[in-house]
Each structure stands twice: as C-alpha cells, then as structure tokens.
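Going by Swiss-Prot, these are the annotated features:
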type: CARBOHYD; residues: ASN17; note: N-linked glycosylation site
type: TRANSMEM; residues: 45-65; note: transmembrane segment
type: TRANSMEM; residues: 78-98; note: transmembrane segment
type: TRANSMEM; residues: 122-142; note: transmembrane segment
type: TRANSMEM; residues: 153-173; note: transmembrane segment
type: TRANSMEM; residues: 182-202; note: transmembrane segment
type: TRANSMEM; residues: 222-242; note: transmembrane segment
type: TRANSMEM; residues: 271-291; note: transmembrane segment
type: TRANSMEM; residues: 315-335; note: transmembrane segment
type: TRANSMEM; residues: 371-391; note: transmembrane segment
type: TRANSMEM; residues: 392-412; note: transmembrane segment
type: CARBOHYD; residues: ASN426; note: N-linked glycosylation site
type: TRANSMEM; residues: 430-450; note: transmembrane segment
type: TRANSMEM; residues: 465-485; note: transmembrane segment
type: CARBOHYD; residues: ASN511; note: N-linked glycosylation site
Amino acid sequence: MAGSSSVQPQFIASTGNRSFSNAPLIENSDPEQIIVPDRKSWKNLFAYMGPGFLVSIAYIDPGNFETDLQSGAQYKYELLWIILVASCAALIIQSLAANLGVVTGKHLAEHCRNEYPRIPNFILWVLAEIAIVACDIPEVIGTAFALNMLFKIPVWIGVLLTGLSTLVLLALQQYGVRKLELFIAFLVCTIAGCFFAELGYAKPDAKEVLKGLFVPQLKGNGAAGLAISLLGAMVMPHNLFLHSALVLSRKIPRSMHGIKDACRFYMIESGFALVLAFLINVSIISVSGAVCNSPNINAQDQENCKDLDLNKASFLLENVLGSWSSKLFAIALLASGQSSTITGTYAGQYVMQGFLDLRLTPWLRNFLTRSLAIVPSLIVAIIGGSSGAGKLIIIASMILSFELPFALVPLLKFTSSKTKMGIYANSTTISSITWVIGFLIMAINIYYLASSFIKILLHGHLKLVAAIFLGIFGFLGMAVYLAGVAYLVLRRNKEATHLVALTSENPQIANESGNEGVYSLPREDIACMQLPQRRSNANDL
C-alpha cells in the first residue's frame with residue numbers, strides 16, 4: 001500500500017496514550033491541490049500566496065470605509081497612527097491563526113469543538129454565527145450604496161440584489177481555491193487602484209500625513225471614541241476562523257524546516273496583503289481629510305463632513321473632486337462589498353463545519369447568512385433611508401467588538417499551548433506580546449461597549465422606569481459577558497490532539513508511526529472549498 005500513489009497519507013495524531021487516524025474528508029478524490037516543493041527556496045513563497053488576500057478583505061470592508069471617512073473628515077490625519085498600530089497588531093494575530101492551522105492540521109473552530117464542553121462550544125458557535133451576520137450587514141449596505149451611486153438603483157432594491165450578485169460570484173468555488181484567491185486579489189488591487197487615484201488627485205499634504213502616522217495624538221472631543229472604533233474595526237473575529245482554515249489548502253512538507261518555512265512564508269504573504277490594506281485605509285483617511293478641509297468646499301459639503309457616511313461621501317467627492325471620483329469610489333465600494341461577502345460565506349462554512357461537524361453547499365450557506373443580514377438591512381433602508389442604513393453599520397461594528405474576545409482568547413491559548421502546538425507553541429516572549437495585544441484590544445472594545453451603553457442611559461431621553469430596567473439588564477449582561485471571557489481566559493487546556501510528526505524533533509517518528517511520505521495531507525474540504533459530508537471511515541476510532 002505504501003507504494004501506491006492512490007493511497008492518501010494520513011496524520012498520526014496523539015491524545016496522550018491514544019492515537020488515531022485523521023483520515024481525509026473526501027475519499028479517492030483528486031482536488032486541485034497546491035503542492036509546496038520540498039526544497040529550501042524563496043520561490044516557495046509563490047505557492048503560499050493567496051490566503052492573506054482573502055483575509056485582508058476584512059480590513060477594507062465597507063464598515064472600515066465608513067470609519068475611515070469619519071476619521072478623516074473630523075480629525076484630518078491625526079488618527080492615522082491608529083491604523084498603523086492596528087495593522088501591526090493584526091499581522092501578529094493573523095499569523096497566529098495561520099500557525100495554528102499549519103502545525104495542527106485543524107482550524108480554530110475544530111479546536112474549539114475538541115477543547116470545550118458541549119454547552120460552551122454551542123455558545124461559541126452561536127456567537128461566531130452572530131459575528132458573521134453582523135459582518136455581512138455592512139457588506140449588504142455598502143453594496144447597495146454602490147449600486148445606487150453607479151446605476152441610481154434605490155438602496156432597498158440594492159439590498160435585495162446583493163444576494164443574487166454574490167451567488168453569481170460564488171460560482172467561482174467550483175474552480176478551486178486558487179482561482180478564488182486570484183479573483184479576490186484582483187478585487188483588492190481594484191480597490192487599491194481606485195483609492196490611490198483619488199489620493200493622487202486630492203493631493204493631501206505629505207508632511208501632515210507622515211506626522212499623523214508616526215506622532216500619536218488624540219485631540220478634540222470624540223477622538224478617543226473614534227480611535228476605538230478604528231481599532232475595533234481592524235480585527236474581525238470571523239477572520240481568525242477563516243485564516244486558520246485557508247492555510248490547510250496547501251500540501252506542505254512534514255519536516256522541521258517544512259513547517260517552519262510554512263509559518264514564515266504565511267506571515268510574509270499575509271504581510272504583503274495587510275500592507276496593501278493598510279495603504280488603502282491610509283488613502284481613504286487622507287482623501288477624506290483633504291477633501292473636508294479643502295478651501296474650495298461649500299457650506300453644504302461642510303455640513304456633510306460633520307456626519308460623513310458612505311452615501312454622503314459619494315456626493316462630497318463628486319462636488320469637490322469631480323464626478324469621476326464618485327464613480328471610482330462606487331467601484332471600490334462594490335468590489336469591497338462583494339469580496340467581503342464571499343470570504344464571509346466561507347468563514348461561515350468553516351465555523352459551522354468546525355463547531356458542529358455540519359457542512360452546507362456554499363450557495364445554501366450564503367442564502368442563510370445573507371437572509372439574516374438582508375432582513376434588518378432592508379427594514380432599516382425602507383424606514384430610515386440612507387442615514388438609517390449608515391447607522392446600522394455602526395451597530396454592526398459594535399456587535400463585532402463584543403464578539404472578538406470569544407475568538408481571540410481561544411486562539412491565544414491554543415497557540416501558546418504545548419499540548420496543541422508541541423515545539424511550535426509560542427515562546428514566552430511571543431506569548432507575552434500577543435496576550436498584551438489581546439488584552440489591550442479586548443479592554444478597548446469592552447470600554448467602547450460600556451461607554452456607549454452608559455451614553456444611551458444618560459442621554460437617550462428614556463423614561464425613568466425604562467432607564468432603570470435597561471440599566472439592570474444591561475449591567476447584568478455585562479457581568480455575564482465578563483464572566484464568559486474570564487472562563488475562556490482562566491480555563492486550563494485539556495490534553496488535546498496534535499500531530500506527532502510536528503511535535504517531535506525527529507521526523508523519523510512520524511514514519512515509524514505509519515505516516516507515508518514527506519508531505520502532510522492537505523484538507524481536501526478546504527482545497528476544494530466544498531465542505532462535503534464526512535464519510536464513515538473504518539480507521540477512525
């Protein structure tokens with residue numbers, strides 16, 4: 001059997017005194033796999049390119065657009081340093097997610113299912129699904145705004161059309177993960193090209209932009225709150241599940257240098273993609289800052305700058321820079337909304353498969369997620385119009401801030417655990433840095449949520465009885481929320497599955513255990529992007 005090319009190699013996994021076979025999810029399949037050559041060469045980087053661009057979409061989605069526009073309109077270039085800090089933190093955290101998948105052969109949602117009892121695991125799944133729906137709302141509204149700008153389609157009709165347009169783009173999944181990665185990379189470059197063109201025409205002061213990037217400052221009322229929004233919008237919970245799964249589409253050499261090279265190359269390719277996303281965010285803030293502080297701006301546009309959203313930004317750019325700039329903005333917004341939805345659909349698939357071992361076809365998964373996002377978006381668009389839809393994006397961002405610890409804490413704990421990562425667990429230094437970053441992000445998000453809630457109580461014009469009951473239930477909810485975060489932080493990891501070949505200094509151990517060949521098994525469900533039903537396997541215990 002060892003010499004047969006039709007036999008798939010298998011992981012040899014260990015849970016203390018017991019080992020079992022982690023068999024492929026598709027039998028006798030021949031998916032479009034991306035095979036990394038077993039050689040020490042920088043040329044291998046091209047085989048790893050792709051997942052970073054899918055992940056980077058979350059950093060340039062319509063929700064980020066709106067926050068960036070408001071930042072530039074109200075504080076010009078003063079908050080650019082927040083984008084720089086957040087991008088550096090995002091690169092570190094995303095690299096941990098990639099490492100988890102590379103080293104263990106399982107993605108974050110699967111680790112959560114193996115680690116936590118049934119009820120906590122179910123709660124984590126529900127929270128992850130809510131986060132994906134909350135992330136989809138800005139994509140729906142952003143795409144609807146873009147269609148309105150380009151074709152004068154009413155926003156509420158655009159909301160309905162978003163479901164159909166995304167289903168068409170999801171047809172790409174039948175061509176495999178590589179084609180999807182190339183298409184998303186094209187959309188990212190399209191977004192970049194649009195905003196770089198806007199930046200070149202707006203001509204912001206280069207010295208002021210550099211000062212905003214490297215001189216931290218928070219001046220004026222509301223600057224701290226907007227800075228928190230910028231930070232909260234940069235690290236998305238669904239992205240951690242997505243990145244840890246996408247890396248499993250590569251067939252990498254199972255050796256010490258093979259695993260280390262994979263982790264290093266994934267960090268480099270993620271760096272390329274996130275640097276491009278960083279430059280796009282800087283461009284949006286700079287264009288907004290330059291336009292709203294232009295000496296040629298009229299009184300009406302000055303008023304729009306005080307409460308700038310995606311829809312108002314189109315008219316603002318058209319009035320100040322010309323009609324072509326409005327079209328470029330709409331094209332970038334459309335590309336952002338569609339690409340974000342595609343990656344969100346696949347993140348939802350991996351979350352459902354990982355937590356529940358349940359798989360749906362992409363179109364059905366997209367239909368369910370998009371339906372939950374379209375309903376509130378459609379209601380708000382019909383009743384509240386464009387301004388109401390813009391406010392819904394802010395609410396969705398708050399929900400994502402609330403959700404982040406329930407994906408971030410498990411990731412930090414798993415990647416720091418030798419029972420899961422073996423010799424590839426985070427070093428003490430890396431663990432300290434990542435936990436500081438994690439606690440800082442969580443503290444910022446919790447502060448943002450608490451301060452927003454208190455603001456509603458004090459300035460929401462509520463009746464006394466309503467304010468009292470809202471306060472009681474609100475603070476009770478915060479207590480439960482903090483207790484849930486504390487449970488994840490303080491709970492000790494149990495002895496969990498990890499790959500023997502990846503936790504031993506001697507690769508020969510793997511071969512003695514029954515592993516065939518030098519390559520680790522790619523996850524065919526990830527490589528094909530189909531997530532089929534698991535078949536029973538006689539080797540599984």
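Along the chain as shown, the residues are counted starting at 1.
Placement of Cβ uses the backbone N, Cα and C atoms for every residue, glycine included.
The stretch in 78-98, 271-291, 430-450 that contributes the largest number of Cβ pairs under 8 Å to the transmembrane segment (182-202) is 271-291. Tertiary neighbourhood of the transmembrane segment (271-291): same-chain residues 49, 52-53, 55-56, 59-60, 64-65, 68-73, 75-77, 79-80, 83-84, 87, 90-91, 94, 188-189, 191-192, 195-196, 198-199, 202-205, 209, 213, 297, 305, 308, 313, 316-317, 320-321, selected by CB-CB distance under 8 Å and a gap of 6+ residues from either end.
Contacts between the transmembrane segment (45-65) and the transmembrane segment (465-485): absent, as fewer than 3 C-beta pairs lie under 8 angstroms at sequence separation of six or more. Residues near ASN426 (N-linked glycosylation site) in space but far in sequence (CB under 8 A, at least 6 apart, same chain), listed by position: LEU96, THR415, SER416, THR434.
The stretch from 78-98, 122-142, 315-335, 371-391, 430-450 that makes the most Cβ contacts under 8 Å with the transmembrane segment (222-242) is 78-98. As a quick check, the transmembrane segment (78-98) and the transmembrane segment (430-450) clear the bar of 3 or more Cβ pairs under 8 A, pairs 6 or more apart, so the two touch. At the 8 Å Cβ cutoff, the transmembrane segment (122-142) and the transmembrane segment (430-450) share fewer than 3 close pairs (sequence separation 6 or more) and do not count as touching. Long-range Cβ contacts of the transmembrane segment (315-335) within its own chain (Cβ-Cβ under 8 Å, at least 6 residues beyond either end) map to 62, 65, 142-143, 145-147, 149-150, 187, 190-191, 194-195, 197-198, 201-202, 287, 291-292, 294, 296-298, 301, 304-305, 308. Annotation note: ASN426 (N-linked glycosylation site) sits in a coil segment as assigned by DSSP. Within the chain, the transmembrane segment (430-450) has long-range Cβ neighbours (under 8 A, six or more residues past its boundaries) at 89, 92-93, 96, 225, 228-229, 231-232, 235, 398, 401-402, 404-405, 408-409, 412, 415-416, 478, 482, 485.
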